[in-house]
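Notes for the one structure printed next.
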Amino acid sequence: MLEIISICLNIITIGLTIYELFSKKSSNDTKQYIQNNIIQQINPKYDINVSSAPTCKLDSVAIKNMRWKSERITQSAVILIYVSMAINFVNFIKRNTIHSVTDLTAIVYIPVRNTMIQLSIILILLCIIFIVRGWNKQQSLFSNLMSMKYFTLKIVVDIFAIAGLALVDYSLLEKINTNIHNTFYLMNIIGWPFLFIFQLFWIHHTVLKIYKLVPLSNTYEEREKQLFAFLPVYIISILLFGLTIYTKFF
């Protein structure tokens, strides 16, 4: 039952994202203005027709109300992701307890692993939706992927994260527990929960970026800040994948 609820929440999340990015809003200048802003944040090189600019003032009540509605839709999607993760985490803990897994590390770590696999899959799907919406037909394939590099890289590193997490099982945890004083094994056991936190930071900063609640990347200083906001989750995913391979097979 819990799995069905979680799947339904994930479907609603994807549906809200598609609605916000792909719903036809050309009949309303205010809605079109908000959507154009979001698209340009996804792909800064996306060409927006000047004629689509709203005829009303940017600080008008209509603009503020539409921005509020758009932000709440996105926040609702993020909340649904968190609720779905919580449901899965509780379900995985119950499942491990039922199967008489008495090792505390496994009881906590395996549910974290399964929850993170689910989170990575959802983020990959959402990143694909973002890339499709921000795709500029006037750009080349490489240029589009580079313009939307935050989402492109996220897909790549989450694939590595899923592969690494899929290799984590109870036998691997037993191996880690017997070598807990080894630096590589210790990094492996504590690294994945840290990656989970960085995943949440990535979601938070992406939402801020889409709605222009963080400075645009016009200066080197601002680009540096955004780079450090995203870079840790990319590096840690690849690093922990390598550590998991090392821990499991060597």
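Along the chain as shown, the residues are counted starting at 1.
Note that Cβ sites are derived from N, Cα and C of the backbone, with glycine treated the same way.
Pulled from TrEMBL, these are the features on record:
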- 73-93: transmembrane segment (TRANSMEM)
- 116-135: transmembrane segment (TRANSMEM)
- 155-173: transmembrane segment (TRANSMEM)
- 185-207: transmembrane segment (TRANSMEM)
- 227-246: transmembrane segment (TRANSMEM)
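Same-chain residues lying 6 or more positions outside the transmembrane segment (116-135) and placing a CB less than 8 Å from one of its CB atoms are 6, 10, 13-14, 17-18, 21-22, 39, 42-43, 46, 81, 84-85, 88, 144-145, 147-148, 151-152, 154-155, 158-159, 161-162, 165-166, 192, 195-196, 199, 202-203. Ranked by the number of CB pairs under 8 Å to the transmembrane segment (73-93), the listed stretches 155-173, 185-207, 227-246 are led by 185-207.
For the transmembrane segment (227-246), the list of distant contacts is 150, 153-154, 157-158, 160-161, 163-165, 167-168, 172, 184, 187-188, 191-192, 194-195, 198-199, 201-202, 205, 214: same-chain residues at least six beyond its ends, Cβ to Cβ under 8 Å. Sequence-remote contacts of a segment are chain residues at least 6 beyond its ends whose Cβ falls under 8 Å from one of its Cβ atoms, and for the transmembrane segment (185-207) they are 74-75, 78, 81, 105, 109, 112-113, 115-116, 119-120, 123, 150, 154, 161, 165, 168, 173, 175-176, 179, 213-214, 226, 229-230, 232-233, 236-237, 239-240, 243-244, 247.
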